[in-house]
Amino acid sequence: MEMDQPMAIRENYQEEIESREESKKNGSLLLAGGMADGMVATQERTSSSPEQVSDDYPTSSTQTPAGGGVSGGARDRGCGGAYPRMLMVQQTSLEQPRETWDKKMDFLLSVIGYAVDLGNVWRFPYICYQNGGGAFLLPYLLMAVFGGVPLFYMELALGQFHRSGCISVWRHICPIFKGIGFAICVIALYISFYYNTIMAWALYYLLSSFRSTLPWITCSNSWNTPSCTPYSHTNVNQSWYNTSTSPSEEFFIRYVLQVHRSPGLHHLGAVSWQLALCLLVIFIVVYFSIWKGVKTSGKVVWVTATFPYLVLLVLLVRGVTLPGAWKGVAFYLKPDWQKLLTTTIWIDAAAQIFFSLGPGFGVLLALSSYNPFHNNCYRDALVTSSVNCLTSFLSGFVIFSVLGYMAEMRQQGVEAVAKNAGPSLLFITYAEAIGNMPASTFFAIIFFLMIIMLGLDSTFAGLEGVITAILDEFPHVLVKRREWFVLGLVCVCYLGALSTLTYGGAYVVKLFEEYATGPAVIAVVLLEVIAVSWFYGMPRFCSDLHMMLGFSPGWFWRVCWVAICPTFLMFIIGSFLAFPPEVKLFNYLYPPWTTAIGYCIGVSSLICVPAYMVYYLLSTPGTLKQRLLKSITPEPGSERAHRSTIIANAV
């Protein structure tokens, strides 16, 4: 340190601070250094640099088109030199500081609760055994490493760096792609229309479980047909025919859903008031869990995200002790290596890992935007994505140990018992197995509680993604009215879900699941990764990560973001277009006109992207070249959404 600096420098520095305090009564920009040479560096910066420290923003938080968050020279000096000096920059403003998580575990449990959902329990085991058992794990892991985890990491990093939701974040990246945020919000609404209905079914089952004899294991009820064939652990000699139906199947189809009262999508029938009340209870719980923000939802997930793991362990221990359980486990893991030569296994692996981790729904952006600026989101991405994949693998043992028990009881092959897919695997096959276990009431209660909590986590996160996006876009109007806005959003979701509560509502759920979300979300993520990697630029994005984390991503991550992830996503989209799914539910084959409706629902969200592009180009002044240049350049003064935090940068 130079000890002979003239006192005039310090006096001029003090006068500058006092003049700023007088000129700004409501906000101040305080520059302080812990060492005398730090103050000299600040004086030189303000006097010689062409980028003066303005009254609005500190120089270190101004992002140039070529850099990440500081000027290139400052960043080079910070990376080199044996004795870096620290410049502490703090900005206080009239804007309300952004809410943050109370604890790091609140964030981690919220992300895990979002990623680990109902699909981990029913979709992964079914897809795994359908695609060669243990052989499926190879393409699944490859797709996770080269596609799912890099996208997961990118979204966490974008949300944490820019501290914005899925709409306003595009002002800091590439303004013309702002329509992606609106498309994500529309997709999230579509998901809320049908996803919560599945929880309403689980709540109906839960309420029906509080009795000594579960109603779905007997054939003496008013809704049963002559084809009903009961099974129990005390009577294994009952004959089973191809025309036989289980009591659990008739309970789910004829009593809970009442599908037999609807001929199809052309006539859905009336709304089931029992399911409407169950869904109302679900949305009331959702509202009071998210109405205050992450401060309340971060506490709720301590129960909703951890309880399913406790139940899974209990069911695993119970399942592997059942007769015939290991037959089901062997069927689950036995590899069929010939499947690797087919394209189906690779398509299913890519789709499963993508929808399991859940990038593109705006949720990861929203949740990470409430993190401290220097939080290690790289480690968070690896931990949470690993937990998600391991949970899917564990769920396979829980499901197939019970399916092996069912096959033993029916004296059939496991493949015949495991014919049900999707929710039917839980509400028919697994429910029947639970009903025939000793202490069936206890296991039924904890199982359907687990299903509800798995769904609640994802609903909390999905709606928080929409709420954060809208509040960040219109902060002056809605921030102080969050409770009313959340109430209105929940009411819209409930009204939109009424069509799924009709007698033919299960057909609507299947239609939304196949067309309204899947292809649209994949297209949105493809546009997102292209906008970040190719328009915003990989050097700038890596520079942002270096400023935030202290290290830059390696070549593996850069290659994945620039080339492998777009290829991964285009592969899924191309396979969907080349091999459109044959939609069928409960022996009801969807007619061709429903396919057209499904594509229209999917396009209705994607139309937001080109519509906003046209709007932006028409509303922006200047020549066409100037408009195009401005449309792909981060807006001035908006690159940094974390200006209310304290940033320590090496000079």
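Keep in mind that glycine also has a Cβ here, set from the backbone N, Cα and C atoms.
Features of the protein shown, as given by TrEMBL:
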BINDING   GLY113, ALA115, VAL116, ASN120, SER356, ASN388, LEU454, ASP457, SER458  Na(+) binding site
COMPBIAS  43-65  compositional bias 'Polar residues'
DISULFID  CYS219-CYS228  disulfide bond
REGION    1-75  region 'Disordered'
TRANSMEM  107-125  transmembrane segment
TRANSMEM  137-158  transmembrane segment
TRANSMEM  179-207  transmembrane segment
TRANSMEM  270-288  transmembrane segment
TRANSMEM  300-325  transmembrane segment
TRANSMEM  345-367  transmembrane segment
TRANSMEM  387-407  transmembrane segment
TRANSMEM  442-463  transmembrane segment
TRANSMEM  484-509  transmembrane segment
TRANSMEM  515-535  transmembrane segment
TRANSMEM  555-576  transmembrane segment
TRANSMEM  596-618  transmembrane segment
Annotated stretches the transmembrane segment (179-207) and the transmembrane segment (270-288) touching (3 or more Cβ pairs under 8 Å):
yes
Of 137-158, 300-325, 515-535, whichever stretch has the most CB pairs under 8 A to the transmembrane segment (387-407)
300-325
Counting only residues 6+ away from its ends, which parts of the chain sit with a Cβ under 8 Å from the transmembrane segment (137-158)?
111, 128, 169, 173, 340, 345-346, 349-350, 352-354, 356-360, 364-365, 368, 377-378, 380-382, 384-385, 389, 393, 525, 529, 532, 541, 544-545, 548, 557, 560-561, 564-565, 568-569
Are there residues at least six beyond either end of the transmembrane segment (107-125) with Cβ under 8 Å to its Cβ atoms? List them, or say none.
101, 156, 198, 294, 297-298, 301-302, 304-306, 308, 332, 352, 355-358, 363-364, 367-368, 370-371, 375, 380, 383-385, 387-388, 391-393, 395-396, 398-400, 421-423, 425-426, 451, 454-455, 457-458, 460-462
Best-packed against the transmembrane segment (596-618), counting Cβ pairs under 8 Å over 270-288, 300-325, 442-463, 515-535, 555-576, is stretch 515-535
Give residue numbers and ranges for long-range contacts of the transmembrane segment (345-367): same chain, 6 or more residues beyond its ends, CB-CB under 8 A.
107, 110-111, 114-115, 117, 119-120, 123-124, 127, 130-132, 135-136, 139-140, 142-144, 147-149, 151-152, 154-156, 158-159, 164-166, 169, 181, 184-185, 187-188, 191, 294, 339, 385, 388-389, 392, 461-462, 464-469, 518, 521-522, 524-525, 528, 568-569, 571-572, 575, 579
For the Na(+) site built from GLY113, ALA115, VAL116, ASN120, SER356, ASN388, LEU454, ASP457, SER458, further residues of that chain with CB within 8 A of the site's CB center
ILE112, TYR114, ASP117, GLY119, GLY358, THR391
Is the number of Cβ-Cβ pairs under 8 Å between the transmembrane segment (270-288) and the transmembrane segment (555-576) three or more, considering only pairs separated by 6 or more positions?
no
Would you count the other CB atoms within 10 A of the CB of LEU454 (Na(+) binding site), including those on all shown protein chains?
27
Non-local residues, at least 6 beyond the ends, that sit with Cβ under 8 Å of the transmembrane segment (300-325):
105-106, 109-110, 112-113, 116, 289, 391, 394-395, 397-398, 401-402, 404-409, 437, 443, 446-447, 449-450, 453-454, 456-457, 460
Taking only the CA atoms, the spacing between LEU454 (Na(+) binding site) and CYS228 (disulfide bond), expressed in whole angstrom, is 31
Using a 10 Å radius around its CB, how many other CB atoms surround VAL116 (Na(+) binding site)?
27
Which number gives the other C-beta atoms within 10 angstroms of the C-beta of CYS219 (disulfide bond), all protein chains shown included?
18
